[in-house]
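A.B. asks: Quick paste of what TrEMBL says about this protein:
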{"type": "COMPBIAS", "residues": "342-352", "note": "compositional bias 'Low complexity'"}
{"type": "DOMAIN", "residues": "57-313", "note": "domain 'G-protein coupled receptors family 1 profile'"}
{"type": "REGION", "residues": "333-352", "note": "region 'Disordered'"}
{"type": "TRANSMEM", "residues": "43-67", "note": "transmembrane segment"}
{"type": "TRANSMEM", "residues": "76-97", "note": "transmembrane segment"}
{"type": "TRANSMEM", "residues": "159-181", "note": "transmembrane segment"}
{"type": "TRANSMEM", "residues": "209-232", "note": "transmembrane segment"}
{"type": "TRANSMEM", "residues": "253-270", "note": "transmembrane segment"}
{"type": "TRANSMEM", "residues": "290-312", "note": "transmembrane segment"}
Amino acid sequence: PKSKCICILCLSHMNWVDCGNQSHWADWGPEPSVFSWAELACVTAVCVLLLALGITGNVLTILVVWLRPHLRSTTYLYLCSMAASDLLILLLMPLDLYKVRLWNVRTWILGDAVCKVSQFLSESCTFSTILHITALSLERYVAVCQPLTAKTLVTRARVRALIGCLWVVAVVSAGPVFAMVGVEEFGGGEGVKECRCTDYAVTSGLLRAMMWLSNLYFLVPLGILGVVYSLIGRKLLLRPRRCSRDRAQGHTIKMLGIIVLAFVLCWLPFHVGRTFFSMSLDTSADMYYISQYLNLVSFVLFYLSAAVNPILYNTMSARYRHALWSLLPSRTHSHTHRSSHTPHTQHSTAIL
């Protein structure tokens, strides 16, 4: 019989067992039921909560930036674009829940096009978010360590162009997904169709190549972020805080550092787990169950990373919080009067 392969359906957050070794769990039929009803109900409730909070928070972030001109600094342009990316990721959550068959829905009925496009969009947005965090951190480095250069180099027009380039790179990087996933029959001729990685992706080596690309998209930015924030921290420690702007800039760096930390904590378990299980030669049932539980945790953390940023902005940035409150109808008039006297900024040295 044809050997069974647990595929990495989505390189970003789905099953991480290596498809390159098709002998893994070769004699199994469809996956056994791993999770109890209580566990499934708990995970579903968490996903619904993240979906509601994430969509609300990211929509409000986009509205705040576009409706409040004094927040259109280069930093907030990055945050607005990241919010759009995270919003699209969250809107795709129901399809992802369907793909992983959390509640044992056994067949994919939405067609090959929806399978490919949804997977492509998810990968594109994932890559885009990582690139945005890296670019924003590099901009903060220039603003803190080379402030004179930042005044002339970093402008809103250039940042908008850079954001466009980041999206192009992300979309191109995710392009191979169209050849990597599709709807195929599965389950020993029982007519069960799944949106999954294709046999071609496995035999051609495309899946393994995309897995390493996904790892590079995490590890390279992680190294850059570590160096950048170390240099920023050193600069701020050595430089006396002579004015309120210096203190505010330090607060901005602290908030961005926490955003980066949240990103790392949400993504590290997935990459560590996927690397471990793809290299493991253990094909026992126990290893399968462990991989599925850790995969489920990574799935939830993936959506947590898309929902948590607006909460961090609201918690740590008084400027963002005040602008958010100003969207309420009873506060709009008074805020409009105040914001008309607020100077707008053109450079990356704007604070949060």
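Placement of Cβ uses the backbone N, Cα and C atoms for every residue, glycine included.
Where the annotation comes from TrEMBL, it is an automatic prediction and has not been curated.
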A.B. asks: Which sequence-distant residues neighbour the transmembrane segment (253-270)? Criterion: at least 6 residues beyond either end, Cβ under 8 Å.
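C.D. replies: Sequence-distant neighbours of the transmembrane segment (253-270): 12-13, 16, 130, 133, 136-137, 140, 144, 218, 222, 225, 229, 232-233, 236, 294, 297-298, 301-302, 304-305, 308-309, 312-313, 316-317, 352.
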A.B. asks: Let me check one thing: do the transmembrane segment (43-67) and the transmembrane segment (290-312) come into contact, meaning three or more Cβ pairs under 8 Å with sequence separation of at least 6?
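C.D. replies: Contact confirmed: at least 3 Cβ pairs fall under 8 Å.
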A.B. asks: How about long-range neighbours of the transmembrane segment (76-97): same chain, 6 or more residues beyond its ends, C-beta under 8 Å?
C.D. replies: 10, 13-14, 44, 47, 50-51, 54-55, 57-59, 61-62, 65-66, 103, 110, 114, 118, 121-122, 125-126, 128-129, 132-133, 135-136, 139, 156, 159-160, 163, 166-167, 299, 303, 305-307, 309-310, 313, 350, 352
A.B. asks: Determine the mean pLDDT over the domain 'G-protein coupled receptors family 1 profile' (57-313), rounding to the nearest whole number.
C.D. replies: 83
